[in-house]
Amino acid sequence: MKNTKVMTEGAIFAAIFALIAFTTVILPVLGSVLIWILPLPFIIYTLRNGWKPGLLLFFVASFVSFIIGGPLLIISAIFFGSGGLVVGELFRRKKSAFTVLLGGSLAYIVNLLFYFILSILIFDIHPVKATQELMIESINAAEAMLLALGQDPSAQLAQLVDFTNQLIVLAPSIIISTGAFYALFIQLIAYAVLKRIGMKVPKFKPFREWSFPKSFLWYYLVASILMIIGLQEGTALHIVMWNLFPLLEIVMTIQGLAVVFYYCYAKKLNKSIPIIIIIVTIIAPFLLYIYRILGIIDLGFELRKRMKTRNE
């Protein structure tokens, strides 16, 4: 009886996934929203029934997706299914939220890397070079428009041109950050859905308590010095630093934002203030520099601990 229920539920979840995945293809605008819930059938089903039934769902969903939409949908099934399977099993084992995030990130990063290589070897399409070509076309169009308006475009477009030229070098960090951020957002969405259906899983600590190991400060300082000194282009160290440094900047930004959230909490400010700060940061990205400085100070001098001591 139990096996019949598990199999029936699996068939329903496989159909739900295939339907959502098919919708993302035929309705791209709606698909940009639906891609954030595609792993949920795998997460919920694996959390309820374990990794073995979850693996069976993965194969069934892949087969159904292939029948409905061909190779394109089976690629979606592999990407979203494997990530959802990993996250669901880690939830079931009551692993910490950060362990779940790490597992989900690794699953999506491996998938992205696999598709990156597959695209080059099978379809003879280099995703980064294709993106570069599109960006160059956009830059040329913008340059022509600015010239027509009588403005000098060189200064305004210089940074964008430099970024486009470095895109090949930055490919690893783009893949890593994309996989990690997707895993984070999926996990947050999963929390909301699982709460609605009465399933409890370990959650993240409040953001104000987030903190990275102090060793990250030294990595960041060493990387900053090397970037200031300058490295010979094309060398292994140059490629490593160009990929490591942006990731470390993200770490310092998160650390600094956690300090801001802690300050708002310690001062008992309105709960909407941190949300407003995030929105303002999106509008005014220069604030990221301030958050990085706060992150450096917090890691180096335990700023939040000093705030706590002072408040006591």
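One is the number of the first residue shown, and numbering goes on along the chain from there.
Keep in mind that glycine also has a Cβ here, set from the backbone N, Cα and C atoms.
The model shown is predicted, which means the values in this text are computed figures rather than measured ones.
Here is what TrEMBL records for this protein:
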- 12-38: transmembrane segment (TRANSMEM)
- 58-86: transmembrane segment (TRANSMEM)
- 98-123: transmembrane segment (TRANSMEM)
- 167-194: transmembrane segment (TRANSMEM)
- 215-232: transmembrane segment (TRANSMEM)
- 244-265: transmembrane segment (TRANSMEM)
- 272-294: transmembrane segment (TRANSMEM)
So, do the transmembrane segment (167-194) and the transmembrane segment (244-265) meet, by the test of 3 or more Cβ pairs under 8 Å (sequence gap 6 or more)?
yes
Applying the under-8 angstroms CB criterion, which one of 12-38, 98-123, 244-265, 272-294 scores highest with the transmembrane segment (58-86)?
12-38
Contacting positions for the transmembrane segment (215-232) when only residues 6+ beyond its ends and CB under 8 Å are counted:
238, 241, 244-245, 248-249, 251-252, 255, 296, 299-300
Grab the same-chain neighbours of the transmembrane segment (12-38) for me: Cβ-Cβ under 8 Å, and only residues 6 or more beyond its ends, written as numbers and ranges.
44-45, 57, 60-61, 64-65, 68-69, 72-73, 76-77, 80-81, 84, 185-186, 189, 193
